[in-house]
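Per TrEMBL, the features are:
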DOMAIN    B:22-467  domain 'Amidase'
ACT_SITE  B:Lys76  active site, charge relay system
ACT_SITE  B:Ser155  active site, charge relay system
ACT_SITE  B:Ser179  active site, acyl-ester intermediate
Amino acid sequence: MSISREDIEKVAVLARIKVDDEQVSALEKDLGNILDLVDQLGAADTDSVEPMAHPLDAVQKLRADEVTETNQREAFQAIAPATEDGLYLVPKVIE
Amino acid sequence: MHNKSVAELSRELESGNVSSVELAQQFLDRVKREDEKYNSFITVSEEQALAEAKAADEMRAAGKATPWTGVPFAHKDIFCTNGVRTTCGSKMLENFVPPYDATVTANFRAAGAVCLGKTNMDEFAMGSSSESSYYGATTNPWGLGAGDKRVPGGSSGGSAAAVAARLVPAATGTDTGGSIRQPAALCGITGLKPTYGRVSRYGMIAFASSLDQGGPMARTAEDAALMMNVMAGHDPKDSTCIDRAVPDYTATLNEPLKGLKIGLPKEYFSDQLSPAMEEQVRNAIREYEKLGATVKEVSLPNAKLAIAAYYVIAPAEASANLSRFDGVRYGYRCEDPKDLMDMYTRTRAEGFGSEVKRRILVGTYALSHGYYDAYYLQAQKVRRLIQQDFLNAFKDVDVLMSPVTPSPAFAQGEKTTDPVAMYLEDVFTIAINLAGIPAMSVPAGFVDGLPVGLQIIGDHFSEARLLNAAHQFQQVTDWHQREPK
């Protein structure tokens, strides 16, 4: 199955990855090949098969709603690209 | 000392023939002298290693030594190490120094092991050659004598190359579709991918969360068992980790193999396998027959769908996992973003390499509106069919044996321009991850001077039996002792 340039550009926006025209051309070929590879899945008869999310069919465990972590804001923000007064800085989002 | 196994080094330390600090210094010197040829380390943490070694000597003096106290090893650069840079092979995490330890890291730390550094890998564990690392490709120690630069396999290629080159006796790895077993096979060492949920994934940077599993890489099955004793176990910090008692994996290594029922999946002895490889694998299986095992052919009819299912599920999960790299809280951020969208899209375009971006885009596509049922849901159904094949086979036999790879280590650059050709490298390993079962790679011969791996596959939680089968094989063969020239 092929994938169109428009599809790639749309998916790139969803994935928040900037792609230029040249990259879109390369991706058209590579993603097309990968989708060809996975298209054989369609031929499998899976009518009565339950999808498998965990190999041991384990269910999500829940812990008690208790505070177990201590505040480590300084340690965590020490590795951030930009912070100020204990806040993470990002480009302005509200005019 | 550098040729000694973990078990042997442990005895040397125990008997006082060498101190932890002396041992750490010897191995660090060796890494600094030799690793230029392999590029198997991204970071050598000399200062921390020597501090850990000093603490290990004190631990021993206080009578609190474990089999790991003072033994040098390395972590794949996917395990977070408090205070030591953890890159996952990516520019995105070039300056990332984790403020915490992965559970696997903490376990080795508590046992007194001495971590010499962080090993090279395919970026975010996506690859089968360790060529997609932002920190340069790793070279396989095998084949270098002939002037060839071969890949060590991937994604745990740095760990495999470092162990094969005797830079460390053991290293951690992770396996999502073959990333422990394939590099172990290509570098002639022993590797184990445990049952999904046996080893905690907490602090192990996520690629595909329903498939990722950490495991041991060493030269002997005995050393892999020693690693499993430290790595395995329940962890409340990983909600997918299984709460089940951990055996002493070294206790059953010497069980006799008489009566062991081996199944050979006919789909794994197909024409994809080169005749020379097949001969080596069949010879290894004959050794098992000499040890009293019986052999029969079995079938995994849905195994042919494994690569297709994997290349939907793994990219889909990766696209979700890697959304956390947004340039806000840690890791790379692009220069001078003009607005929030520009920051996200350029940070990710500049911080990720091309294979990682390809997989994020494939995964985003597979999960996007209109395609979810056709791709992701269908792949998860096929996944159950694949698992059922294995479970059916284990009603008849104790373990399955097969090759790990279709051919020995390939040349650097040979498959980098064709993603699908690279994906097919994992044709014999990927179904095991989808089924969540454990499997090992054990050195089993050579083709053209390059190592061949035998894959031993078991039912859920059969790690002790796999290690036993591998150990017994290593008592009657010496493939695992061969050293690259």
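Any Cβ shown, glycine's included, is placed from N, Cα and C.
A TrEMBL annotation is a machine prediction, not a hand-curated record.
Structural mapping of features recorded in TrEMBL.
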residue: B:Lys76; record: active site, charge relay system; CB count, 10 Å: 32
residue: B:Ser155; record: active site, charge relay system; CB count, 10 Å: 35
residue: B:Ser179; record: active site, acyl-ester intermediate; CB count, 10 Å: 37
Exercise for the section: Work out how many Å separate the residue listed as 'active site, acyl-ester intermediate' and B:Ser155 (active site, charge relay system) at their Cα atoms, rounded off. Expected result: 5
Exercise for the section: Can you grab the distance from B:Lys76 (active site, charge relay system) over to B:Ser155 (active site, charge relay system)? Cα atoms, rounded to a whole Å. Expected result: 10
Problem - Conformational class of B:Ser155 (active site, charge relay system) under the three-state DSSP mapping - result: coil
